[in-house]
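If you look up TrEMBL, you'll see A:15-248 marked as domain 'PABS'. If you look up TrEMBL, you'll see A:44, A:119, A:150, A:151, A:175 marked as S-methyl-5'-thioadenosine binding site. Residues or ranges marked as spermidine binding site by TrEMBL: A:99, A:168, A:169, A:170, A:171. Here TrEMBL flags A:168 as active site, proton acceptor.
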């Protein structure tokens, strides 16, 4: 096996280690029990690994995306917050989200009629459903349509159709780069109904201030409301992670909508409290004039 | 220099890397610009390093303790929360906290008359004051008494003396191990006035559930109130960090007490909402009967 080991791995004293090399100055290494899947799709290198610290992990191009011990935090936060803001979220578009965790959370709302899940890489969906059931769940809900397409192309051709759009992208490198462009947010805006709203993951307030500022600015220029919220994602660098909401009409969450939803991180307090930002973020992201 | 490099370092392609080896299954490596201080005290190995990702870092026995880019988060959260709970915190005891950051924050309150700072390792205080001014500040406040002693011994001999005790310890290994024992919490309880309260850092809700449960249980059995709050500390594993308050009388913070304090993370919203726990923590830490 050593001979064919992907470049992301090293062996030390007989142990297998995955080292994330994306950052020039900070490296995180995970001791690995087993490689459950390894393959190359048309778009990226895809693995599911069983690790000692985080259980099973989805790894794309050598970077950990989600894990069985903390994946629920990110997926609950990117889904329940927008669904508690919109009073009647019937038609949902998820762009990215190949681990199916966001779709799983969205399906907890009876009000939802249709979920279009547009993921560029079919292999990611397949391996997550097979190897990462803790994250993706047994997603056999007939309301979910799987569409294997480029999210940018898909959104461009939609108009006045969705109540909520969730942009669940990986980092702004590789296949997800175009999901951080202004023209993409314009397409999302057009694809939303007159009272629709979007949410996207917008990276770390500590390490990716440039991407965050740019996302906040671009969404703020297009939408009537722009608002940031945060969550802790233990496997992402810095722990603190940001999400940006752009909304045409509604902006305040109604935590009562969480009623009877089974969750592991989110609760009524968290839905309200996640918009309370640390002081340095309040100073860096002043409200837009139109808000 | 290579010859005398401490064991915590490696060289790769001419670059110097510090790798934290405390965890068996997860390693974090920091690219280092410069070793600003390196020495062995009676108690531990002490370094201040200049890193590319986190700026200057205090490193004890090879483990990063605080950094110039995020040290304020931890220090503000362990100080302002108890000082907003106690209505008249005049006499404060800080155990540990050699980086002087907690003492710096406490001194922002005019109501405070005296701060006894009991740190076992004088070398840590000296190197932080010299090399880590962003964290320790120019701490020349006459209300602060530096006492270089074992926190356990010091607390044992105090009775009915303090309004607030802050236990700002490192991990429960090495010199800080005894700061997690039940007998130590008993001494703290005795050292507090009849309406006094304590706070301690109680490790990660994700990675150190055993220590957290034990701390919660031990403090809950001694004090009328026990309550957890959380903050994000980017340089600590898992990002999410917990603090445990034990109080004889007061438990609700009054964020108005923050007025005019210059802070970078804490604000009125954060002081109130830090007690809103993720759902999995609410389930793991039910309220004590006496609360």
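Any Cβ shown, glycine's included, is placed from N, Cα and C.
Annotated features taken from TrEMBL, shown on the structure.
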{"residue": "A:44", "record": "S-methyl-5'-thioadenosine binding site", "contacts (Cβ under 8 Å, 6+ apart)": "A:60, A:61, A:121, A:174, A:175"}
{"residue": "A:99", "record": "spermidine binding site", "contacts (Cβ under 8 Å, 6+ apart)": "A:58, A:65, A:66, A:71, A:75, A:124, A:128, A:132, A:135, A:136"}
{"residue": "A:119", "record": "S-methyl-5'-thioadenosine binding site", "contacts (Cβ under 8 Å, 6+ apart)": "A:96, A:97, A:98, A:125, A:146, A:147, A:148, A:151"}
{"residue": "A:150", "record": "S-methyl-5'-thioadenosine binding site", "contacts (Cβ under 8 Å, 6+ apart)": "A:120, A:178"}
{"residue": "A:168", "record": "spermidine binding site", "contacts (Cβ under 8 Å, 6+ apart)": "A:78, A:94, A:95, A:96, A:97, A:102, A:200, A:201"}
{"residue": "A:169", "record": "spermidine binding site", "contacts (Cβ under 8 Å, 6+ apart)": "A:95, A:96, A:151, A:176, A:179, A:180, A:200, A:201"}
{"residue": "A:170", "record": "spermidine binding site", "contacts (Cβ under 8 Å, 6+ apart)": "A:60, A:63, A:65, A:96, A:176"}
{"residue": "A:171", "record": "spermidine binding site", "contacts (Cβ under 8 Å, 6+ apart)": "A:22, A:63, A:203"}
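Listed in sequence order, the residues A:43, A:96, A:98, A:120, A:121, A:176 complete the 8 Å Cβ shell around the S-methyl-5'-thioadenosine site centroid, once A:44, A:119, A:150, A:151, A:175 themselves are left out. In the three-state DSSP scheme, residue A:168 (spermidine binding site) falls into the strand class. Taking every pair among A:99, A:168, A:169, A:170, A:171, the residues listed as contacting spermidine, the largest Cα to Cα separation comes to 15 Å. Annotation: A:151 carries the greatest number of neighbouring Cβ atoms among the binding-site residues A:151, A:175 [cut-off 10 Å, Cβ to Cβ]. Residue pairs drawn from A:44, A:119, A:150, A:151, A:175, the listed S-methyl-5'-thioadenosine binders, are separated by up to 16 Å at the Cα level.
Mean model confidence of the domain 'PABS' (A:15-248) amounts to 93 (pLDDT, 0 to 100 scale).
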